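Peer 1: Copied straight from Swiss-Prot:
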TRANSMEM  44-64  transmembrane segment
TRANSMEM  120-140  transmembrane segment
TRANSMEM  144-164  transmembrane segment
TRANSMEM  176-196  transmembrane segment
TRANSMEM  220-240  transmembrane segment
TRANSMEM  251-271  transmembrane segment
TRANSMEM  285-305  transmembrane segment
TRANSMEM  314-334  transmembrane segment
TRANSMEM  340-360  transmembrane segment
TRANSMEM  384-404  transmembrane segment
TRANSMEM  425-445  transmembrane segment
TRANSMEM  472-492  transmembrane segment
Amino acid sequence: MLGTLGSGFSNFPWLSASILFPIGSAFVIPFFPDKGDGKEVRWFALSIALTTFLITVGSYINGFDINNENVQLKENVSWLPDLGLTWSVGADGISMPLILLTSFITALAVLAAWPVKFKPKLFFFLILVMDGGQIAVFAVQDMLLFFLTWELELIPVYLLLAIWGGKNRQYAATKFIIYTAGSSIFILLAALAMGFYGTEIPNFEFSHLAAQDFTQKFQILCYVGLLIAFGVKLPIVPLHTWLPDAHGEATAPVHMLLAGILLKMGGYALLRFNAQLLPAAHAQFAPLLIVLGVVNIIYAALTSFAQRNLKRKIAYSSISHMGFVLIGIGSFSSLGTSGAMLQMVSHGLIGASLFFLVGATYDRTKTLKLDEMSGVGQKMRIMFALWTACSLASLALPGMSGFVSELMVFTGFVTDEVYTLPFRVIMASLAAIGVILTPIYLLSMLREIFFGKENPKLTEERKLIDAEPREVYIIACLLLPIIGIGLYPRLVTESYLASINNLVDRDLTAVKSAVKTNIFSGTKKNEILKAPTI
């Protein structure tokens, strides 16, 4: 009987359920009564988000083999055959950790949205649709379907910014949609070009595209377009300017979704499409990714250091940390690429925690200016402890996830022999500047908020209530995996080792056949540097 039950679980459409269940459930919300403060809607949304998280955990436990490098949990149903469009979903080691991260962060974001009283039905409707849409981005195995889910996710974010944001919410929401929707046209063009390549019958499935023998010029053309589209979402400097504005106007739960999940879509897409499907072009552009990653780290760290607005300071900190993802993807090292994957998971947790605390602090002080938000440590001691723990995680304190991921990226890039030694030394030295700046601006931020000169107007006019149990619980849920990964990284790295090794093997083959430049040393051994077993 247990065997039959296990067989039933293995055949269950886990990924389709994790996508369609929250989206379908969202359409029940309009039938809730409008009276009251939306308590019923909040509990309903939380139950749906938690169930979705359990479904994704079930997919990992019952149907995912960490030693299998191929796509698993595959579901393939013909949808619009005349257009070559199929409902094709699946998960490998690159997508599964991000699927789990999405459902986990969304459940906590729903809990973070508990104080929302303005149009709660629409708010939680959008959150649940966003949950299913973001899981779909990581799960779909068809490039045209990927484009559709990528676009679907933009609508809830736009409305969440435009309706529940700050006083400049319309500007921030419009800028977000112009940047992201405008750049998405390159995804559609690349999908059509790759799907129709060499045939009159289109096929957009990843497995088909990976087997195609695209010419180098064709790959470069598609690579550039996709780099722009995904670079906006990551974001890559100078395509980043929408992010500080969006974070500057968003509410705490939307902050968590932006920092925890949305930025990871760009990093995932670079791995999935640019590195995996276009290896010849990736061999040519990988040095540029390294340079862009270093620029991200230094520029955003310096800009964050100069910010006097708390939300914008943390927003630029996020941009800086995503620079490590670019370096890892461009490293041609299994260790470095594995570090990029871990950095996405790690920053998803850390970024969500910091932005939640930003929102919680603003709810009490009603200001984001560091000059006005000073000396509140005596009034909010628990909040100070939570801020300290999350800030230490962000500055990559040993024993926390950020330290391991950044160390893996640095070590993978510096020790790999694909690039010349001078290039590696120069890039690593420059990136180290950003690493040094991070603790400076984060610790000085803590000092200003909690131990600066007390603002009498703030402390007398505002009732500065310390962190409540709901807030402590949310941060505890985020800190637990942050510390767990920091102490035992294999909790996450084992899930994607096989897929990362397969990806790097494909890219190294392209490097060996590429025209040698003064950046590549050409001394890479035939053996592939295996991903870490730490």
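The backbone N, Cα and C atoms fix where each Cβ goes, and this holds for glycine too.
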Peer 1: Can you find at least 3 Cβ pairs under 8 Å between the transmembrane segment (176-196) and the transmembrane segment (220-240), where each pair is 6 or more residues apart in sequence?
Peer 2: yes
Peer 1: Report, as numbers and ranges, which residues of the same chain sit near the transmembrane segment (220-240): CB under 8 Å and 6 or more residues beyond its ends.
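Peer 2: For the transmembrane segment (220-240), the nonlocal Cβ contacts are 179-180, 183-187, 189-190, 193-194, 214, 262-263, 265-267, 269-270, 273-274, 278, 280-282, 284-285, 292, 295-296, 299-300, 319, 322, 325-326.
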Peer 1: Using Cβ distances below 8 Å and needing 3 or more such pairs, separated by at least 6 in sequence, tell me whether the transmembrane segment (251-271) contacts the transmembrane segment (314-334).
Peer 2: yes
Peer 1: Same chain only, please: residues at least 6 beyond the ends of the transmembrane segment (285-305) with a C-beta under 8 Å from a C-beta of the stretch. Say none if there are none.
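Peer 2: Answer is 220, 223-224, 227, 231, 236-237, 240, 270, 274, 313-327, 329-332, 413, 419, 423, 427, 430-431, 433-435, 437-438, 440-441, 507, 517, 519-520.
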Peer 1: Out of 120-140, 314-334, 472-492, which stretch touches the transmembrane segment (425-445) the most, going by CB pairs under 8 Å?
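Peer 2: It is 314-334 that shares the most Cβ pairs under 8 Å with the transmembrane segment (425-445).
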Peer 1: Who are the chain neighbours of the transmembrane segment (472-492) in space, where the CB to CB distance is under 8 Å and they lie at least 6 residues beyond its ends?
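Peer 2: Cβ under 8 Å, 6 or more out: 97, 108, 111-112, 341-342, 345-346, 349-350, 352-353, 356-357, 382, 386, 389-390, 393, 398-404, 532-534.
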